[in-house]
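Only one structure is covered here, and it is reproduced in the block below.
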Amino acid sequence: MLSTMAPGSTVGTLVANMTSVNATEDACTKSYSAFLSGMTSLLLVLLILLTLAGILFIIFVRKLVHRMDVWLIALLIELLLWVLGKMIQEFSSTGLCLLTQNMMFLGLMCSVWTHLGMALEKTLALFSRTPKRTSHRNVCLYLMGVFCLVLLLIIILLITMGPDANLNRGPNMCREGPTKGMHTAVQGLKAGCYLLAAVLIVLLTVIIIWKLLRTKFGRKPRLICNVTFTGLICAFSWFMLSLPLLFLGEAGSLGFDCTESLVARYYPGPAACLALLLIILYAWSFSHFMDSLKNQVTVTARYFRRVPSQST
């Protein structure tokens, strides 16, 4: 026998769905500001130009001499991917969400493991007794491995969602998945990676500080301040991006539908600008730490070579 639904319940469901859609469309309309949208677009274009200028400067002026140049150019390319994805969303009425969301996912997820790689290299360099070679091979292999793994993850997500998945949640706005369950799953995956990165960066920062405290360095206080400040800022940034984990109990409610909040809609522009400043700060800190470490190891090696000759 075929079971049929009561007419009243069917009509009630349709009315509830229509009411939800209308409420979402109203929220999308109320959160739109022509001024803020224009300023966000200008800011994103400026960030793209600055990022491209930085990449060209590293390639043609610095010529990738230092290992830090390789890390920095990777961070800038990852930021460029994210900003390009967001700018396409701003200039497209549909947001081209399947393309732009995966561009932003690729840039941000690669950036997580790039920061971790830099922290790990600082830790390994501190435990090394000889100056590290200037070869970029290991760094390039690590970055290529990260890129391939994240790209594979994106392909798996695309296969799971389907090539025709609708990720649009309003004009110039996208969601993580076509359904609330998928949206929650992708959001939880990203936030979980950010939380893991934050915890590992804090752990590596503590290890570096512990090792510095047990080592005789001429610039030890300055190096400890350097490592502590940049490590905590980096970890705090990833902790903030992992906050959606607190709201996963409400299936997909965070970012699935439009809200009337202007901050929720237009924060990515200033956030990307802040990310560029943090990349520059982190790259400077990394370069300063490695140079100080190399100089200290070189001076120590010269001292030990000089001592036997003086004793004879």
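Every residue, even glycine, has its Cβ placed from backbone N, Cα and C.
Cross-referencing CYS234, CYS258 with Swiss-Prot gives CYS258 as the cysteine bonded to CYS28, criterion being a recorded disulfide.
With respect to the membrane, SER93 and LEU293 are annotated on opposite faces, judging by the topological domain names in Swiss-Prot.
For CYS97, the partner cysteine in a disulfide bond according to Swiss-Prot, taken from CYS174, CYS193, CYS225, CYS234, is CYS174. Against the transmembrane segment (68-88), stretch 96-116 shows more Cβ pairs under 8 Å than any other of 41-61, 96-116, 139-159, 270-290. When the alpha carbons of CYS28 (disulfide bond) and CYS174 (disulfide bond) are compared, the span between them is 11 angstrom.
Figure note: comparing Cβ neighbours within 10 Å for the disulfide-bonded residues CYS28, CYS97, the maximum is reached by CYS97.
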